[in-house]
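This report concerns only the one structure given below.
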Amino acid sequence: MSSPDMLLPNEPILPVDENIAMEWQPITLTLVEYPKGDLVGKLLAWISLAPLGIGAGFLALILFRRDLHTIVFFLGTLVNECINILLKHWIKEPRPMSRAQIWTEYGMPSSHSQFMCFFATYVLLFIFIRLHHINNSNSARFERLVRLLVLAICWTAAFLVCFGRIYLLYHTLSQVLIGALVGTVMGALWFLLTHFVLTPYFPMVVLWRVSELFLLRDTTLIPNILWFEYTVTRHEARARSRKLVSMKSQ
């Protein structure tokens, strides 16, 4: 009888697949793990992808609206991310060792908590400082309710992302708190810079040739951009419809 390590005379020799021995590297930007069977962990893992969704939303708005304020807001998130990377490599504090996985990235401060608090803080200041003049409109009560709902969603998402980073053992409590603090400060500073320093230059920037080439626009002085675009589009559609009917009747 042949031993288990010996091949039979007629047994084919199968080629070794090189992919089996190859070391695979996941894209850590989207890979989020949670304890198997833990529904709360699964929910928090999905919520932790909120920064990616917000980033995709920024790109969509910039592509289809070309508004300078949106572009500057997005640039602020990139500056905030660069500061997070610099702080991580300066502090060099490892992530928690509560899991078997060997981390190759530093954990202080948490980039997720810093991003979400930057975003939520900027939205908070934008609503209470930039949009305060909309209260004089006939739909002031509805506008206030919408703003409060937006703020509640932003800060609830920020809290859940921060909590999820601790729950899923990606960061310690101090790493998340410092990240939230840095993000809040950065969000406030970037809004003040945009509102008081950069915004006055927007009317001049939109006159640049490159701005006309990329159809960039400044909607700073328009209090309710959704209502403005709705009324302008409706008026233009009616005018074109009347013109089309007049041409057909001739």
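Heads up, the Cβ atoms here are built off N, Cα and C, so glycines get one too.
Under the heading domain 'Phosphatidic acid phosphatase type 2/haloperoxidase', TrEMBL lists 70-191. Here the domain 'Phosphatidic acid phosphatase type 2/haloperoxidase' (70-191) has a mean pLDDT of 86 out of 100.
What TrEMBL records for 43-64 (among others) is transmembrane segment.
Here TrEMBL flags 71-91 (among others) as transmembrane segment. Sequence-remote contacts of a segment are chain residues at least 6 beyond its ends whose Cβ falls under 8 Å from one of its Cβ atoms, and for the transmembrane segment (71-91) they are 54-55, 58-59, 62, 105-109, 111, 114-115, 118-119, 122, 179, 182-183, 186-187, 190, 194, 198, 216.
Annotated transmembrane segment per TrEMBL: 111-133 (among others), in sequence order.
Note on the transmembrane segment (145-170): residues 32-34, 40-41, 44-45, 47-48, 50-51, 95-96, 98-99, 107, 110, 112-113, 116-117, 119-120, 123-124, 127, 131, 176, 179-180 of its chain, located 6 or more positions outside it, place their CB under 8 angstroms from a CB of the stretch. Under the heading transmembrane segment, TrEMBL lists 145-170 (among others).
According to TrEMBL, the feature transmembrane segment maps to 176-198 (among others).
For the domain 'Phosphatidic acid phosphatase type 2/haloperoxidase' (70-191), the DSSP counts in helix, strand and coil order read 94 helix, 2 strand, 26 coil.
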